[in-house]
Amino acid sequence: MKTHSAFWLVLALWGAGLGAAAQFGKIGVIFDLAPALYPGAGPLALGLFVSIVGVPGLIFGTTAGLLVQGLGYRRVLVAALLAGAVLSLLESLFPPLPVMLALRVLEGLSHLAIVIAAPVMIAQTAPPARLGLAMALWSTFFAFTFTALALLGRPLAEVAGPGALLLAHAVWMAAFAALLWRMLPEDPPRPRTPLFPGGVLRAHLAIYASPFIAAPATGFVCYTATYVALLTLLPPLAGDSLHALMASLLPLVSIAGSLTLGVWLMGRFGAVRVVMLGFALAVAGAGALWLGWPSEPLRLIASLWIGGALGLVQGASFAAVPALNASAGERTLAAGAIAQLGNVGTTLGTPILSALILAQGVMAVPAFVALCSAAGIALHLVQGARRARQTRSTTPPPACQ
């Protein structure tokens, strides 16, 4: 495939990722309107309204990776986008809450299929010299979408109602389904081998036993636990004068760090080392946040430093998938593991940090960042040592060993 064709296809796949991220963000951005939409619902049910879309990924992440590999990337991706469009259209009617929650669970399956298939296809499409940049671009899909929804989606919901935002999302998903159906090459004939040779449990054990397939995900869970919790809890804790500024700048700094310094560093040191460097810089930022919390300027600078450091982790974690895994099949399994453990971090990080803040006060924030980041470094060191002891027919690049 020519480079300019690859460029447009990578952008189209990233656009599909934006739609997948909006499956979370479209409800989050109108969450304060939910009590008026469902006046009889309690806090737990309304919380599920946002988060239940992540449950399928939490349970079926690696299983979905095996299914995507067997069914075909183009087929799965286009079907998931179409399903997302139909589900968002139905959700725009705001049916009774039990029905809405069921639709959100189904939407979670659509989301899972997209976030597994799209990055693997990006890795297959991008020229080798631009692979790090392409994967860094993919890694920004959540932060970019949440920023865009805050700037554009929320005003649309306020002017035309929450249903208009969900309708706009349905149109986006349908448009990218049609676009990618035209742009993507046809899937090869499906093999006649079973999707789960040896059973689902054995397949899961094999995935997480591999220091090549599992390594990106085992570090990524530390990133998602930290990053999502910080985006949610740090701006309100920073004080009224910094709340809005920090909420808008944190994701933007992460995007900028991933696409600029992160890409430059990956070209020189390799994806895995950049992940560990990002975590190390986050530990340093946590120390600065602990020391500088009484000062508003230092509080802001240290918080943004942590956001930028985690941006390095964000991009390099996705780039580590093709760096450590040569075949499309292994990359698909690694993407499934990232989806699964990423959802573990997203689900657990915010409530754990909330509980720590209630128990220990605001200084729990830098401690949480430092511990999660140190755990990310330790996990990658362990996986690297395991890779060094293994002999593989396809040896990964030295920077990844």
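Each Cβ is built from the backbone N, Cα and C atoms, and glycine gets one as well.
The domain 'Major facilitator superfamily (MFS) profile' annotation in TrEMBL covers 5-387.
Beyond the transmembrane segment (45-68), the same-chain residues lying 6 or more positions past its ends with a Cβ under 8 Å from any Cβ of the stretch are 23-24, 27-28, 31, 34-35, 38, 76, 97, 100-101, 104-105, 107-109, 111-113, 115-117, 120, 195-196, 200, 203-204, 207-208, 332-344, 346-347. What TrEMBL lists as transmembrane segment is 45-68 (among others).
Per TrEMBL, transmembrane segment is recorded for 75-95 (among others).
Taken from TrEMBL, the feature transmembrane segment applies to 101-122 (among others).
Remote same-chain residues near the transmembrane segment (131-152) are listed as 10, 13-14, 17-18, 20-22, 24-26, 28-29, 118-119, 122-123, 125, 231, 247-248, 251-252, 254-255, 258-259, 262-263, 266-267, 271, 314-319, 321-322 (criterion: CB distance under 8 Å, separation of at least six residues from the stretch ends). According to TrEMBL, the feature transmembrane segment maps to 131-152 (among others).
Here TrEMBL flags 164-184 (among others) as transmembrane segment.
If you look up TrEMBL, you'll see 205-230 (among others) marked as transmembrane segment.
Residues or ranges marked as transmembrane segment in TrEMBL: 242-267 (among others). Sequence-remote contacts of a segment are chain residues at least 6 beyond its ends whose Cβ falls under 8 Å from one of its Cβ atoms, and for the transmembrane segment (242-267) they are 132-133, 136-137, 139-140, 143-144, 146-147, 150, 227, 230-231, 234-236, 274, 277-278, 296, 299-300, 303-304, 307-312, 314-316, 319.
Per TrEMBL, transmembrane segment is recorded for 274-293 (among others).
Beyond its flanks by at least six residues, the transmembrane segment (299-321) meets 119-120, 123, 131-132, 135-136, 138-140, 143, 215-216, 219-220, 223, 226-227, 230, 234, 238-239, 242, 245-246, 249-251, 253-259, 261-263, 265-266, 271-272, 274-275, 277-279, 281-282, 284-286, 288-289, 292-293, 331, 334-335, 338, 369, 376, 400 of its own chain at Cβ-Cβ distances under 8 Å. The transmembrane segment annotation in TrEMBL covers 299-321 (among others).
The transmembrane segment feature in TrEMBL is assigned to 333-357 (among others).
For 363-382 (among others), the entry in TrEMBL reads transmembrane segment.
Ranked by the number of CB pairs under 8 Å to the transmembrane segment (205-230), the listed stretches 75-95, 101-122, 164-184, 274-293 are led by 274-293. For the transmembrane segment (363-382), same-chain residues at least 6 beyond its ends with a Cβ under 8 Å from one of its own Cβ atoms are 215, 218-219, 222-223, 225-226, 229-230, 233-234, 237, 272, 275-276, 279-280, 282-283, 285-287, 289-290, 293, 306, 313, 349, 352-353, 356-357.
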